[in-house]
Each structure stands twice: as C-alpha cells, then as structure tokens.
Amino acid sequence: MACATGPDPPGDSSGDGGGEERPAWDNRLQYLLSCVGFAVGLGNFWRFPYLCQTYGGGTFLIPYLIALVFEGIPLFHIELAIGQRLRRGSIGVWMAISPYLGGVGLGCLTVSFLVSLYYNTILTWVLWYLLNSFQHPLPWSACPLDLNRTGQAICSLWPARDGPPVPGLVEECRDSSAVSYFWYRQTLNITADISDSGSVQWQLLVCLAASWAVLYLCVIRGIETTGKAIYFTALFPYLVLTIFLIRGLTLPGATQGLVYLFTPDMQVLWNPRVWLDAATQIFFSLSLAFGGHIAFASYNPPRNNCERDAVAIALVNSMTSLYASIAVFSVLGFKAVNDHGRCLDGNILRLINAFDLPDQSISRDDYTAVLARLNVSRPEWVAGLHLDACRLEDFLEKSAAGTGLAFIVFAEAVLHMPGAPGWAVLFFGMLFTLGLSSMFGNMESVITPLLDLGVMPRGVPKELLTGLACLVCFLSATCFTLQSGSYWLEIFDHYAAPLNLIFFAFFEVVGVVYVYGMKRFCDDIAWMTGRRPGLYWQVTWKVVSPLLLLTIFVAYISLLASTPPSYKAWNPQYEQFPSRQEKPYPGWVQAICVLLSFLPALSVPAVTLVQLLARRRRKQQDVQQDMGPKLQDGGVC
C-alpha cells in the first residue's frame with residue numbers, strides 16, 4: 001500500500017487540482033440547507049412512516065436511534081470532514097488519500113448517476129400528477145365511462161345494487177378503483193409482464209424532459225445556482241408538511257391514525273429484520289456514500305465546524321422523518337375512518353333491504369348492536385348477506401410504501417378532503433421540491449468529480465459540462481417512460497444502490513481511519529474545529545461503524561440470496577385482480593439485477609489493479625533507466 005498523500009497545507013484553498021480558486025457558499029445557511037435538502041428526500045416521507053407502522057410503531061425508534069448514533073452520525077462526520085479538509089470531490093478525495101482507493105470515488109459517481117436516472121423519473125410522475133391537479137374534479141376521483149364506437153356509454157351488465165342499470169364503467173377501473181386505474185393505466189399504461197416493453201408514453205417523456213430542464217436550470221453553475229434555489233426547494237416542503245399537519249390533526253380519525261402508528265410492540269425487537277431495516281434506513285436517509293456531501297463540504301471554509309454540522313444535519317433529518325410520519329398518518333387516519341364508514345354504510349344498506357327496515361333506521365353507532373340482535377334472531381339470513389368485515393384496524397393497515405403511498409393511498413386520501421384540488425397541488429408540489437433538492441446533491445456527486453478530474457478542456461464552460469451530463473441522464477432515463485418502465489425503475493431502486501453504497505461506506509471508514517490515519521485525521525479536525533474528536537468519535541470510527549457496516553453488508557447479501565427475485569405485475573386478467581400478480585424475473589432480467597448489484601463495486605478492485613500494474617511498470621522503467629548508464633560505463637572500460 002502506498003503512503004497516503006497529504007492534504008493541502010492549511011490555508012490553501014486550491015485543492016481542486018486545477019489551480020483555480022474553488023467556488024464557495026454565499027453563507028453558512030446555504031450549505032446547511034443544501035445538505036439537509038440532499039439528505040431529506042422522498043424516503044423520509046414514504047419509507048420511514050411505513051417502517052414505523054410495520055415494526056411496532058414507536059418500538060422501531062429504538063433500533064433506529066441506535067443506528068443513528070453508532071452508524072449514521074459517525075459516517076456523516078467523516079464525509080463532511082474529509083471533503084472540507086481535502087477540498088475535492090469524491091474521486092479527488094480518495095485519490096489523495098491513496099491512489100488505490102480511487103475506485104471508491106469512481107463507484108460513488110457511478111451509483112449517483114444510476115440513482116439520478118430513476119429518481120428524476122419519480123419526479124416526472126410527480127410532475128404529471130401536479131399538472132393534473134389543477135382541475136376539478138380531480139381526474140382520479142371517478143372511473144371513466146366505457147364508450148362504444150359511436151361515443152355512447154355502454155349499459156353495464158352489472159346493474160347497480162338495488163337500482164336500475166347505470167352507464168358502464170371501464171371494466172379494469174370498476175374491478176379496482178379510480179385511483180388505481182389513473183395510476184396504472186392512465187399514467188403508466190403498464191404492461192402485464194416485464195418482458196413486454198410496450199411503447200413510449202409520450203406524456204411521460206415530455207414530463208421527463210421538463211423535469212431535467214428544471215433541474216439543469218437549477219444546477220447550471222453548480223452551487224452558485226443551487227445555492228439560490230435551495231432556499232425554496234428545501235423550505236417549501238416543511239411549510240406544506242406543517243399545513244398538512246395542522247389540517248390533518250383537525251380531521252376525524254387523525255387520533256386513531258397516530259395512536260395506531262406509535263403503539264409500541266416490543267416483541268418485534270427480536271426480529272433481526274427490524275435492526276437491518278433500521279440501519280439501512282439511517283444509511284440511505286442521510287444519503288451516505290453518494291459523494292454529494294463530500295462535494296458540498298469541499299466548498300466550505302477550511303475552518304468550518306464540521307462536527308457541529310454533522311450532528312445538527314443528522315438530527316434535523318431524523319426529526320423530519322418523525323414530523324412527516326405524524327402528518328402522513330393523521331391524514332391516513334382520516335382516510336381509514338372514511339373508508340370504515342363507507343364499509344359500514346354498505347352493510348347497513350344490505351341489512352335494511354334484506355329485513356325490510358325503514359330507511360335510516362340503523363346508524364353507524366347502532367350497527368354493531370343491531371347486527372348482534374339479527375345474528376341471534378335470523379342467523380341464516382345474516383350469513384347469506386356476506387357482509388364485509390368492517391374493522392377500523394384493517395383500514396389503518398392498508399397503507400403502503402414508496403410510490404404506492406404517494407400515488408394511490410395519499411392521492412385517495414386527498415379526495416376526501418374539502419377543496420381536494422388545492423390539497424393535491426400542495427401535496428405533489430411538496431414532493432417535487434423535496435425530490436428536486438435531493439437531485440441537487442445527486443448531480444453534484446456526478447459533476448464535481450468530473451470537474452476536479454478535468455475531463456473537459458479548460459476553455460469549455462462549466463454550463464456545457466452540466467448540460468451534457470443532464471442530457472446523457474435524460475436520454476438514458478427514457479427507458480423508464482416505456483409501458484414496462486415502472487418495473488425497471490423498481491429494479492434500479494432495489495439493486496443499483498443498496499449493496500454498493502454499503503460497500504463504499506465501509507471503504508470510506510477504513511480508508512480514512514487506517515490508510516489516511518486516525519491521528520492525522522484527528523489532527524485535521526482539531527485544526528478545522530479547534531478541538532480533537534473525543535472518545536465517542538474515535539471508538540465508532542475505528543471499531544463500531546466498520547463492524548456495523550460489515551454486518552449489514554453480509555446480512556443484506558444473505559437476505560437477497562434467500563429471497564427469489566420477483567416482482568408484482570398489474571394484470572387485469574389475473575384471477576385475484578386487483579391484487580398484483582407476483583411473478584419471477586426472467587433469467588436475463590436476473591442477470592441485469594446481479595450486474596447492477598455488483599458492477600459499481602467492482603471499480604474498487606479494478607482501480608487498485610490498474611494502480612498496481614502502473615506502479616510495477618514504473619519500477620521496471622526506473623530499473624531500465626538505472627541499468628542504462630552502467631552498461632555504457634562497462635563498454636568504455
């Protein structure tokens with residue numbers, strides 16, 4: 001192993017390797033908001049609440065906070081400190097520490113590129129919903145009519161219950177729901193199998209181009225432009241979350257939703273999967289190992305207190321997850337109470353019609369008592385009605401994670417709120433700005449290393465390099481606008497980042513602590529912050545964090561190996577539709593999953609091998625140069 005290259009001397013701000021003055025943040029608030037915007041993303045809104053609900057409500061906070069203290073904050077501190085001290089992007093930092101670690105920076109750049117492709121596609125879907133929210137009624141509020149060739153509604157073969165036939169609805173929508181139909185058919189126009197690519201959905205392609213255009217305008221000159229845009233993109237989501245929280249807490253059912261969310265179940269702590277999910281949630285929520293935080297920190301003044309920043313940003317990120325969960329489940333509790341009420345109304349109508357009772361003779365409050373009496377007096381009649389099981393807990397459990405929460409569950413919840421279009425605009429506007437601020441960090445993870453490496457001639461403006469990067473990303477992401485695009489996005493989300501980022505984070509800790517050197521790193525932090533890292537930092541960096549990362553890496557591989565790769569297809573011909581049909585991935589798709597899981601990580605041994613071969617060649621050249629004069633001297637003698 002070669003000796004680590006030392007950092008720039010104190011006071012030298014030209015660590016970009018290009019001899020030019022490195023850009024700087026206008027003020028400290030810009031930097032903090034940029035880091036918060038990069039860390040706080042869509043996962044805080046739609047994954048953390050789901051994990052809390054799945055793993056015993058408040059009980060999940062125990063492994064989550066443990067992972068935050070012993071994994072998240074220490075790793076975050078390393079990234080901010082090393083970026084600020086060496087004043088380079090991800091590739092430059094690891095090449096400075098050791099040429100053999102250059103593959104870590106290259107791998108981080110590759111993963112950031114892959115994540116940018118599908119992350120901005122999610123913003124494309126959000127933009128499509130946002131544009132469709134400026135109308136009343138909302139287009140996902142009702143099923144469209146099934147029209148024949150003359151444009152007339154077809155009378156349904158399934159007459160309305162206890163009423164005359166109604167104009168026929170599209171069968172797929174009638175068998176599922178208006179919200180699901182708008183998402184799967186009118187937005188994605190999804191195929192029933194991943195092998196059927198389908199055609200490009202032009203409305204999504206246009207929205208994809210618009211999303212990349214907006215992003216390009218924001219990142220066109222790096223932190224000079226993102227620093228201005230971040231005030232809006234980072235603060236607007238907090239404003240909307242607060243509005244939803246205030247409104248949600250006044251809605252009926254909000255209390256039931258919050259009680260259900262935070263009701264503890266200590267038994268789940270014996271489940272190893274809880275600890276794995278808590279550790280990975282912390283890891284991805286802070287956007288560790290992407291290289292974006294290293295790039296952002298490289299624009300800081302050398303004497304900035306990076307320790308204070310690391311702790312503050314990590315705590316803000318976790319508090320945001322908790323804050324978002326309260327807002328989300330207050331609204332979802334309202335939705336559950338509405339769904340439960342409609343379920344009761346349907347059963348009440350069946351009882352009234354079956355037993356010829358007066359209209360409105362059974363209220364929701366009296367339903368349980370009336371049903372109990374009828375079960376005693378006419379049990380066979382009641383059994384023949386096939387009443388729905390209307391339990392509020394069942395409706396509270398019908399939440400989802402990821403796109404299902406945003407585009408189905410929450411989109412339906414908004415329909416029940418007065419002034420639904422206005423709430424839809426706020427909700428999808430919040431998601432768009434939330435994702436946009438995260439994309440600032442993703443693109444910085446790609447562009448800053450390229451600038452530091454000098455891949456473009458000096459005369460080429462930065463705007464051109466940024467434009468080329470966005471154009472390449474846009475063209476590469478067009479595959480997600482196919483009818484099978486959502487299946488491929490799910491593959492990229494599951495396989496492109498998790499294993500690779502854990503792998504890179506492990507080498508980040510090992511590289512800083514054991515290659516760069518703990519004493520040298522602590523000296524750098526003392527020079528930057530005015531005090532040396534205490535026992536907590538040194539123990540977590542040297543022992544706890546590396547062991548945690550190694551454990552998570554092995555557990556994640558074991559989990560993938562024990563779970564056959566499959567996906568859930570939206571298939572109207574499926575017997576149990578509208579449930580999604582679970583299908584195994586074809587062999588060629590599984591091969592792509594393996595490539596996405598391990599190919600970026602291969603950059604580490606690949607670069608190490610290249611450096612070893614280059615070093616060997618240099619030694620051979622040095623030996624030949626030394627032997628040349630000796631041979632000439634021997635000939636003269």
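Even glycines carry a Cβ here, placed using N, Cα and C.
Per TrEMBL, Na(+) 1 binding site is recorded for Gly37, Ala39, Val40, Ser285, Asn317, Leu434, Ser438.
The Na(+) 2 binding site annotation in TrEMBL covers Asn44. The Cβ of Asn44 (Na(+) 2 binding site) has 25 neighbouring Cβ atoms from other residues within 10 Å, across all protein chains displayed.
The 10 Å shell around the Cβ of Cys143 (disulfide bond) contains 20 further Cβ atoms across the protein chains shown. If you look up TrEMBL, you'll see Cys143-Cys155 marked as disulfide bond.
The annotation region 'Disordered' is assigned in TrEMBL to 1-20.
According to TrEMBL, the feature transmembrane segment maps to 31-49 (among others).
The transmembrane segment annotation in TrEMBL covers 61-82 (among others). Within the chain carrying the transmembrane segment (61-82), a Cβ under 8 angstroms from the stretch's Cβ atoms is held by residues 35, 52, 93, 97, 269, 274-275, 278-279, 281-283, 285-286, 288-289, 293-294, 297, 306-307, 309-311, 313-314, 318, 505, 508-509, 512, 516, 521, 524-525, 528, 537, 540-541, 544-545, 548-549, all 6 or more beyond its ends.
Within the chain carrying the transmembrane segment (103-131), a Cβ under 8 angstroms from the stretch's Cβ atoms is held by residues 42, 89-95, 187, 203-204, 207-208, 210-212, 215, 289-292, 403, 406-407, 411, 424-425, 428-429, 431-432, 435-436, 438-439, 442-443, 445-446, 449-450, 473, 476-477, 480-481, 485, 489, 492-493, 496-497, 500-501, 503-504, 507-508, 511, 596, 599-601, 603-608, all 6 or more beyond its ends. Marked as transmembrane segment by TrEMBL: 103-131 (among others).
If you look up TrEMBL, you'll see 202-223 (among others) marked as transmembrane segment. Remote same-chain partners of the transmembrane segment (202-223), defined as residues 6 or more beyond its termini with a Cβ less than 8 Å from a stretch Cβ, comprise 23, 25, 30, 34, 120-121, 123-125, 127-128, 131, 187-188, 229, 233, 296, 299, 436, 439-440, 443-444, 447-448, 462-463, 466-467, 470-471, 473-474, 477-478, 480-481, 485.
Summarising the annotation, TrEMBL assigns transmembrane segment to 235-262 (among others). Long-range contacts of the transmembrane segment (235-262) within the same chain, counting only residues at least 6 positions beyond its ends with a Cβ under 8 Å from a Cβ of the stretch, are 33, 40, 49, 52-53, 57-58, 320, 323-327, 329-338, 392-393, 396, 417, 423, 426-427, 429-430, 433-434, 437.
The transmembrane segment annotation in TrEMBL covers 282-299 (among others).
If you look up TrEMBL, you'll see 311-332 (among others) marked as transmembrane segment.
Beyond the ends of the transmembrane segment (423-443), by six or more residues, the same chain brings 34-35, 37-42, 45, 112, 115-116, 119-120, 122-123, 126-127, 129-130, 133-134, 138, 214-215, 218-219, 226, 229-230, 232-234, 236-237, 240-241, 243-244, 247, 287, 290, 292-293, 295-296, 406, 410-411, 414, 417, 466, 469-470 to within a C-beta distance below 8 angstroms of the stretch. Feature annotation from TrEMBL assigns transmembrane segment to 423-443 (among others).
The annotation transmembrane segment is assigned in TrEMBL to 464-483 (among others). Within the chain, the transmembrane segment (464-483) has long-range Cβ neighbours (under 8 A, six or more residues past its boundaries) at 113, 116-118, 120-121, 124, 188-191, 196-201, 204-205, 208-209, 212, 215-216, 219-222, 443, 446-447, 450-451, 455-456, 489.
Non-local neighbours of the transmembrane segment (495-518) in the same chain are 1, 4, 75, 78-79, 82, 94, 97-98, 101, 104, 107-108, 111, 114-115, 118, 280, 283-284, 288-290, 538, 541-542, 545-546, 549-550, 552-553, 556-557, 560, 593, 596-598, 600-601, 604; each lies 6+ residues outside the stretch with a CB under 8 Å from one of its CB atoms. Residues or ranges marked as transmembrane segment in TrEMBL: 495-518 (among others).
Residues or ranges marked as transmembrane segment by TrEMBL: 539-561 (among others). Remote same-chain partners of the transmembrane segment (539-561), defined as residues 6 or more beyond its termini with a Cβ less than 8 Å from a stretch Cβ, comprise 67, 70-71, 74-75, 78, 272-273, 276, 279-280, 283, 498-499, 502-503, 505-506, 509-510, 512-513, 518, 533, 597.
What TrEMBL lists as transmembrane segment is 588-614 (among others).
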Round to the nearest Å and give the CA-to-CA distance linking Asn317 (Na(+) 1 binding site) with Cys143 (disulfide bond). 39
Ranking 31-49, 282-299, 588-614 by Cβ pairs under 8 Å to the transmembrane segment (311-332), which is first? 31-49
Give me the CA-CA distance between Cys143 (disulfide bond) and Gly37 (Na(+) 1 binding site), in Å, as a whole number. 37
Between the Cα atoms of Ser285 (Na(+) 1 binding site) and Asn44 (Na(+) 2 binding site), what distance do you get, rounded to the nearest Å? 7
As a whole number of Å, the Cα atom of Ser438 (Na(+) 1 binding site) is distant from the Cα atom of Asn44 (Na(+) 2 binding site) by 11
Leu434 (Na(+) 1 binding site) CB neighbourhood, other CB atoms within 10 A: 26
Tell me the Cα distance separating Gly37 (Na(+) 1 binding site) from Asn44 (Na(+) 2 binding site), rounded to the nearest angstrom. 11
So what sits near Ala39 (Na(+) 1 binding site) in its own chain, CB-to-CB under 8 Å and at least six residues off in sequence? Ser285, Leu286, Ser287, His293, Ile313, Ala314, Asn317, Gly441
